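I have placed the structure first, in the form of structure tokens, so that the comments after it can refer back to it.
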């Protein structure tokens with residue numbers, strides 16, 4: 001690939017540096033309202049059936065908006081978790097008349113606005129936004145909502161009323177950032193407002209929004225015109241309106257035609273992320289927390305920090321691409337700093353995170369990139385952001401994921417004449433697993449047939465158009481090897497469906513293909529199943545069945561567009577000895593055994609010279625030095641099978657072990673009789689224990705309850721500086737517990753209290769991290785009963801104790 005490559009994205013974490021991006025400035029105070037004196041028709045003369053008429057005289061539309069009006073996030077974070085009670089609307093004493101500033105008798109003065117924004121009101125329930133821990137109105141585009149206007153006198157048929165929504169620094173009608181909706185008039189573009197009831201001094205409205213509307217936080221105002229004059233309601237932060245994508249709206253290009261999918265991929269606040277190896281799959285629960293207080297503002301702030309034009313924020317293709325760039329910190333001081341070095345002393349070990357909320361709120365609060373993340377953290381945060389904004393999104397794990405660095409669309413491994421790896425040439429790598437995201441949308445920018453799931457990958461691996469982002473890329477184009485479809489299809493295709501090609505240096509210095517491993521990449525692609533915590537194998541949507549004609553055609557079609565289009569020609573095929581690797585399923589701290597099984601499938605005796613090299617490996621495919629090796633010659637009778645075993649003691653691998661507890665067995669061999677080359681790379685991992693969580697008593701909204709956490713140290717050494725994390729949407733805000741040291745093989749018990757703030761089934765998630773042991777986590781489902789009398793309860797969720805609290809052990813025990 002021609003663009004710059006990131007050592008951070010591939011494996012080497014750079015030390016955390018003091019960020020250069022300053023904290024976001026507070027939202028500026030509103031400028032004094034001023035009336036445009038330029039010529040042209042009056043506001044009401046130019047107010048056609050709908051503001052979407054693209055009138056370009058945007059600076060003549062009455063009082064100018066102040067800077068950062070209704071910005072995508074603003075720096076005013078919601079300051080109340082609130083109850084379901086409504087705030088009083090703006091009263092007459094707080095209004096300003098347009099024009100000379102006086103309120104004349106007979107003028108239609110707006111004395112208040114009720115946006116029906118509480119969680120129990122019709123709007124939030126119908127728009128599936130009632131779980132957001134916000135008091136402001138949150139709606140989804142393309143779907144009507146209701147409001148009530150309160151006037152100083154009864155509304156008359158001769159009165160004219162218009163609603164206005166504004167977003168951005170310089171709202172313009174033509175860009176969709178200044179929306180004007182005349183009440184009672186039909187309009188184009190999907191915006192309109194209808195009177196549903198006029199009663200006394202109240203006017204009930206049903207407002208229709210465009211299915212193509214910009215997403216973000218809009219400021220809202222009302223204008224009126226009567227014979228006595230014109231009036232405009234001043235902007236009020238309480239009347240800000242959030243507009244999101246709408247997968248429930250058939251006219252929205254993010255529409256999803258399966259309610260169970262919408263419940264899972266938009267509304268589910270937790271999920272499972274898979275890791276490890278194909279043969280030893282691990283799973284962890286992740287708290288997405290997209291409805292937690294402050295998270296929506298953090299998601300919109302990400303778009304602001306990127307400087308994304310407001311006019312493009314209605315396009316999910318553009319929004320998802322920006323998010324893929326901004327969730328990592330490279331180029332743009334985004335959310336997370338990647339680190340694969342193993343040294344996390346200046347931040348948080350990526351394995352210690354249990355969810356996205358702590359990360360996003362830290363970024364919103366400080367404006368600084370958060371240390372540290374690896375692929376599953378980038379993907380977990382991306383799922384949170386895209387679900388929060390209204391895109392159906394899932395977290396996907398690809399086992400044996402290739403990282404193609406030269407656009408050959410193959411994984412190339414180079415050996416010398418004796419089949420010893422040439423590390424200075426081996427730039428491609430195969431990750432044990434890699435985690436990315438699928439999000440659902442139509443692709444109007446592509447030919448037909450490429451709608452549906454799109455890959456978005458926020459892990460910084462390679463540049464795309466000069467920045468570290470990836471996607472959205474149609475899964476359909478990946479499946480069929482159509483690598484010329486945007487965005488980043490060649491790189492993603494290679495991750496799931498390239499072949500591992502072994503090259504041997506010849507006597508004249510040239511290289512020859514000696515073996516092609518066709519089923520080594522993208523061997524299993526999984527995500528959490530809809531409606532359950534089971535795995536859902538989605539390999540079939542990414543690739544045709546391995547070995548099928550369609551799959552071979554896809555690979556060869558893709559390779560023809562790569563940098564080595566003739567890689568599939570002139571291959572030798574004398575292969576009658578089969579090789580298989582087996583590794584014992586062992587727990588960290590135990591001894592283990594690895595084995596190679598050789599089978600002679602021919603009719604003649606075969607003599608095999610076998611070499612085994614064992615090293616530790618990061619999950620990204622970057623290996624440490626070989627710490628154990630074995631050489632053996634095996635004679636195989638026709639049809640015979642022989643097993644070659646290599647025991648590995650804990651004391652041998654303990655000094656070498658790295659993150660994820662992964663090891664790589666390199667096997668190479670040579671058959672004397674026919675020259676067949678044997679080559680195999682097998683990765684396996686050591687399992688870590690789980691935390692055991694037990695709920696002590698019933699969980700009720702607003703009432704304190706307690707959880708017990710039990711952990712047994714599997715290692716014979718002391719764990720130092722042990723840190724627990726606890727988090728769960730609707731249960732517990734992110735909490736850090738410092739517990740000190742835990743002795744070798746010791747069992748410890750902690751008790752923690754929390755106050756649930758939302759009813760229903762919830763997930764409470766915990767993790768443990770120390771320099772000696774990581775990737776330890778646990779989860780418990782908590783079924784929360786409503787508070788007596790019903791209703792929501794938002795009061796500093798999980799705020800019982802601060803971050804970084806030192807917690808004494810409830811009990812300690814031996815092995």
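Cβ atoms are placed via backbone N, Cα and C, with glycine included.
In Swiss-Prot this protein carries:
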- 1-40: region 'Disordered' (REGION)
- 16-25: compositional bias 'Pro residues' (COMPBIAS)
- 21: phosphothreonine (MOD_RES)
- 23: phosphoserine (MOD_RES)
- 59-100: region 'Disordered' (REGION)
- 59-87: compositional bias 'Basic and acidic residues' (COMPBIAS)
- 80: phosphoserine (MOD_RES)
- 83: phosphoserine (MOD_RES)
- 90: phosphoserine (MOD_RES)
- 93: phosphoserine (MOD_RES)
- 375: active site (ACT_SITE)
- 434: active site (ACT_SITE)
- 457: active site (ACT_SITE)
- 497, 499, 546, 551: Ca(2+) binding site (BINDING)
- 795-815: region 'Disordered' (REGION)
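Between the candidate recorded positions, 457, 499, the densest Cβ environment within 10 Å is the one around 457. Neighbour counts of Cβ atoms within 10 Å were compared for the binding-site residues 546, 551, and the top value is held by 551. Between the recorded positions 375, 434, 497, the minimum number of other C-beta atoms within 10 Å of a residue's C-beta occurs at 497. The closest partner of residue 551 (Ca(2+) binding site) among the active-site residues, by CA position, is 434; the full candidate set was 375, 434, 457. In the three-state DSSP scheme, residue 497 (Ca(2+) binding site) is classed as helix. With respect to their backbone Cα atoms, residue 457 (active site) and residue 434 (active site) stand 10 Å from each other. Secondary structure from DSSP puts residue 546 (Ca(2+) binding site) in coil. Residue 457 (active site) falls within neither a helix nor a strand when secondary structure is assigned with DSSP, and so counts as coil.
The residues near the Ca(2+) site, meaning same-chain residues not in 497, 499, 546, 551 whose C-beta sits within 8 angstroms of the mean position of the site's C-beta atoms, are 498, 518, 519, 521, 522, 543, 544, 547, 552, 554, 555, in sequence order. Residue 375 (active site) and residue 434 (active site) have their C-alpha atoms 6 Å apart, to the nearest angstrom.
Between the CA atoms of residue 434 (active site) and residue 546 (Ca(2+) binding site) there is a gap of 20 Å, rounded to the nearest whole number.
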